[in-house]
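*Asks:* Below is the structure I would like to discuss, written out as structure tokens.
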């Protein structure tokens, strides 16, 4: 990475980073400025400015949602489970990321405590310093506590209880090769940390439009441990993907909610305006295309 | 185009076509086989096989939705207006395309007559011959009549009446440069061809996530002529876009419909199974993200 991105600042850039969406598709984006570029014990961390003036984090050569559209990722990730839970108080975030999950969580009046587990202190420090537009200082909020520990060992030892757990690490499909985090033990540990009707939510990568066996296998695993699951998705233009989220409830069925109830919850809870989610959006996301519905029906 | 795509068949291809999504983003896809490549009086028409074995039409170097995912485009395009109209009988399609709109229209029991207007006979002939997977012979169905004429002059002279009109030409935003088809006169002519509560539906290109003045201007134009409009969108992976559709009703408000009513309409009407749309999907598409809702509220 350091070799490719050498010129730290130049007026007219011609640095195109290429991502391989599949064997027959690539996506390239122009980097106009490299803001910081560091290597931690765990990953390459690069923060850049893109041609459209948005800023973005690049982890191990993978572009993350940018300041142009990160709300299309983080708002559905956080607010859909929160609407379902209604009055979330105690939250666990596995993987600090840019700090945007904590930022969205802090928009809810009922939230009292946020624990973040992150093994890589450098990502928190870099994003705090170079991506304040995204985290809005959330890492320093008094409700937030960051534990610099390995996620799997943290959750097997933690004795707190949570209403909602966000799994914000590399998506389980990509992890398949090195099997680092996402497995049956992790799901069981998370479940044991949840309060009654507690929810876990994770991101599962691009929504597969053709039957995807690995995706189905992961959904089946989640269903075997949690009482119910619900898949929804959001299209993120900057990374050319329709990302899917899986919501899991420990004790009860995840059911549709009437528009007026959702609207009332949001009105009562929100301390700050949202750009992407409102009651209508909630209804929309809970009613996905048929091929997504079918993943909900496996197993 | 002919120069670039010369090798008509080769075992291991390295032909990558590049599309510029924006000044700072490109999307490249690998073409494994060129099936046909012709130039008509109006456009370059190329039908190819892609690396993932799907087949696709390329018009003037622009990839159209492929056999891998075209249902994610054509199903919402056709079935959303049809559900709203309930019992469509007489249909006008402006622009023949691959024949997929006619194919979807023919899935509805109530449909009696489909007129297609297309100035370019070569696209109908090429797609009939080389993309039967997409059109399923719809151009030859006895309910279908193709008029090889200029769209604007056809609609100003036609004395038929229609329940639903599909505008399947280049999207109005791309047309801005050469102002060929989409203007006030076209909308007025279409409106005058519609039966009571008749609907017109068109595709408006990538859904702009930041306020887009040209997009707003077009919506305002449609609102000034039709009684109501409704925007919905569908993510099409093969072209990396979340395409937006605008539905217009001549006489009444386009309102939400209860799940059970939609489900009953589909059960009564459909002669063939759908992959993407069902009653749930309809509810989902009618409740888009907040930024899409806001385009509906302009003017």
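The backbone N, Cα and C atoms fix where each Cβ goes, glycine too.
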*Asks:* Out of B:75, B:87, B:118, which is the one TrEMBL records at the S-methyl-5'-thioadenosine site of B:43, B:150, B:151?
*Replies:* B:118
*Asks:* Please state how far apart, in Å and to a whole number, the two most distant Cα atoms are among B:43, B:118, B:150, B:151, the recorded S-methyl-5'-thioadenosine-binding residues.
*Replies:* 16
*Asks:* Determine the Cβ neighbour count for residue B:98 (spermidine binding site): the number of other Cβ atoms within 10 Å of its Cβ.
*Replies:* 31
*Asks:* Determine, to the nearest whole angstrom, how far the Cα atom of residue B:151 (S-methyl-5'-thioadenosine binding site) is from the Cα atom of residue B:98 (spermidine binding site).
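*Replies:* Approximately 17 Å lies between the Cα of residue B:151 (S-methyl-5'-thioadenosine binding site) and that of residue B:98 (spermidine binding site).
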*Asks:* Round to a whole number and give the Cα-to-Cα distance in Å for the pair residue B:150 (S-methyl-5'-thioadenosine binding site) and residue B:98 (spermidine binding site).
*Replies:* 18
*Asks:* I'd like to know which of the binding-site residues B:118, B:150 has the most other Cβ atoms within 10 Å of its Cβ.
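*Replies:* When each Cβ's neighbours within 10 Å are tallied, B:118 leads.
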